[in-house]
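Some features that Swiss-Prot has for this protein:
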type	residues	note
BINDING	Ser10, Lys42, Thr74, Arg88	substrate binding site
BINDING	Ser10, Phe11, His18, Gly89, Leu90, Arg91, Glu99, Tyr124, Ser125, Phe126, Val127, Ser128, Ser129, Thr130	ATP binding site
SITE	His18	site 'Transition state stabilizer'
Amino acid sequence: MKSIAVYPGSFDPFTNGHLDIIRRAHPLFEEIIIAVAINSKKTSLFSPEERVEMIGKVFHGWDKIKIDTFEGLTVDYCKEKNSRVILRGLRAVTDFDYEYAISLMNKKLAPEIETYFLMADNEYSFVSSTIVKEVARHGRAVSNQVPDVVGEALVKKFSV
């Protein structure tokens with residue numbers, strides 16, 4: 001069976017922290033699906049289509065990387081894609097508490113699916129999509145926290 005990892009998230013926007021997790025996980029799997037979650041109950045800065053397009057540009061030319069969208073439970077999406085691994089990044093203890101609880105529920109729902117946690121590199125341990133949006137909204141540079149294509153999109157969004 002092909003080793004496929006699903007890296008789910010809203011990625012609104014995609015950050016260098018997300019990129020670092022993918023870069024480090026890339027050699028470990030035959031395929032990584034970056035699964036952009038669609039949550040109609042949340043107001044997003046970027047549409048799912050915009051997020052997929054930006055992430056696609058970030059990973060242009062990379063082998064083994066696919067970008068997709070999904071709604072519903074991550075474990076159901078994993079089953080649909082024949083993946084037995086959910087990939088998650090952890091920045092701090094607060095991330096661990098939240099992610100651990102979700103991984104336990106996922107294990108109850110789908111015992112065959114494992115959650116793999118990668119610790120954030122120190123350089124990215126403070127970076128979050130929420131913080132990046134807030135800083136960019138106030139006209140400050142976020143170029144060290146996001147890939148270039150995302151930084152350009154943020155400038156366009158907030159310079160209207």
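Note: Cβ is positioned from N, Cα and C throughout, glycine not excepted.
Sequence features, as recorded in Swiss-Prot, placed on the structure.
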| residue | record | Cβ contacts under 8 Å, 6 or more apart |
| --- | --- | --- |
| Ser10 | substrate binding site | Val36, Ala37, Asn39, Lys42, Ser44, Arg51, Ser129 |
| His18 | ATP binding site | Tyr7, Gly9, Phe11, Gly89 |
| Thr74 | substrate binding site | Val6, Pro8, Ala35, Ala37, Ile86, Asn106 |
| Arg88 | substrate binding site | Tyr7, Glu99, Ser103, Thr115, Tyr116, Phe117, Leu118 |
| Leu90 | ATP binding site | Phe96, Glu99, Phe117, Leu118, Met119, Ala120 |
| Ser125 | ATP binding site | Gly17, Arg91, Ala92 |
| Val127 | ATP binding site | Thr15, Asn16, Gly17, Arg91, Ala120, Gln145 |
Measure between the Cα atoms of every pair in Ser10, Lys42, Thr74, Arg88, the residues the record assigns to substrate, and report the largest value in Å, rounded to a whole number.
21
The sparsest Cβ environment within 10 Å, among the binding-site residues Lys42, Glu99, Ser129, is found at Lys42
I want to verify one value. Collapsing DSSP to three states, which class is Leu90 (ATP binding site)?
strand
Three-state secondary structure, which DSSP defines for His18 (ATP binding site):
helix
